Amino acid sequence: MYANDADAPLRAPITVPALRQMKQRGERIAALTAYDASFARAMDHAGIDAVLVGDSLGMVVQGGANTVSVTLEDMVYHSRCVAKGLRSALLIADMPFQTYAGPERALDAATALLAEGLASMVKLEGAGIVLDAIGYLSEREIPVCAHLGLTPQSVLKLGGFRVQGRDADAAKALLAQARAVEAAGAQLLVLECVPSTLAADITGAVGIPTIGIGAGPDCDGQILVCHDALGINSGHRRPRFVKDFLKGRDSVEAAFRAYVDEVKSGAFPAPEHGYA
Ligand SMILES: Nc1nc(=O)c2c([nH]1)NC[C@@H]1CN(c3ccc(C(=O)N[C@@H](CCC(=O)O)C(=O)O)cc3)CN21
Ligand SMILES: CC(C)C(=O)C(=O)O
Ligand SMILES: [Mg+2]
């Protein structure tokens, strides 16, 4: 239809404040992970709001058993690749294992992800001691996304990828962590593998948007790993929150459009994709 992309009408670029306004309006946020320019471009065309360069690349791209081996160099490289494919979607990059062990180290790593990786926001896992890094970055004008619940960089201590916040004490602690990351300056919050009712409570308790993965239908937005959304099995057991959007469709972009539509309408995730 257009001679080249440069002639196509531009969707307004999605900013961090725009995501907060979506929460306030009750418009759901649709996000996916990407690791290269071509998939990022297809997602952007499909109307995705945010793209995360996840350290899940250690598993789905590099074939590792977890995300612990991913380096800052890996993340900068893939973030820069993804940035080249985006016109409108907000680009978030994961901070790798131990690159935010201490505020100054976090500032160096986050600066590399923004300046060389061309990301617009960085994501780090946990609260507690990590609150210092969240505060240090956000005070220095670096947009921060927090990540609570199942934090895959903790897998060696946890002993596996398991649902978090299931008993009353753990649920209370997770709600307190959510309030604490917001108070420290986080502007977005990923909730991974937590009971749907707890994710709903947290979403109501914080002003920042929540993005769920295995966190039920009542988050402000949803995210999936790109490969999972396309039915590509990376050799691990398929978690229950995964849905194959390519099934019954004839292109990757159609699958991404269906994902965006189902997140916006609330059709995805269905109750069976969540945990009790
Ligand atoms: N392809 C892929 N998709 C992901 O969502 C993902 C990654 N890789 N790599 C990093 C982490 C690891 N993730 C995982 C991996 C396994 C489960 C899982 O098997 N969950 C069990 C829950 C068991 C319980 O009840 O505690 C499940 O049955 O869904 C969950 C999240 C999420 N992230
Ligand atoms: C699954 C999302 C939230 C993530 O952190 C990743 O892909 O690394
Ligand atoms: Mg990650």
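Here the Cβ of each residue, glycine as well, is placed from N, Cα and C on the backbone.
Lifted from TrEMBL, the feature list:
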type	residues	note
BINDING	D55, S56, D94, K123	3-methyl-2-oxobutanoate binding site
BINDING	D55, D94, E125	Mg(2+) binding site
ACT_SITE	E192	active site, proton acceptor
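Among the recorded positions D55, D94, K123, E125, E192, residues whose Cβ is positioned under 6 Å from ligand 3 are identified as D55, D94.
Close to E125 (Mg(2+) binding site), meaning Cα to Cα within 10 A, are the following binding-site residues out of D55, S56, D94: D94.
Around E192 (active site, proton acceptor), the same-chain residues six or more apart in sequence whose CB sits under 8 Å from its CB are H147, L148, G149, L150, T151, P152, Q164, G212, I213, G214, A215, listed in sequence order. Mapped onto three states, the DSSP output places D55 (3-methyl-2-oxobutanoate binding site) in coil. Under DSSP, D94 (3-methyl-2-oxobutanoate binding site) is assigned to a strand (E or B) in the three-state scheme.
Within 10 Å of its Cβ, the residue among the binding-site residues D55, D94, E125 with the fewest other Cβ atoms is E125.
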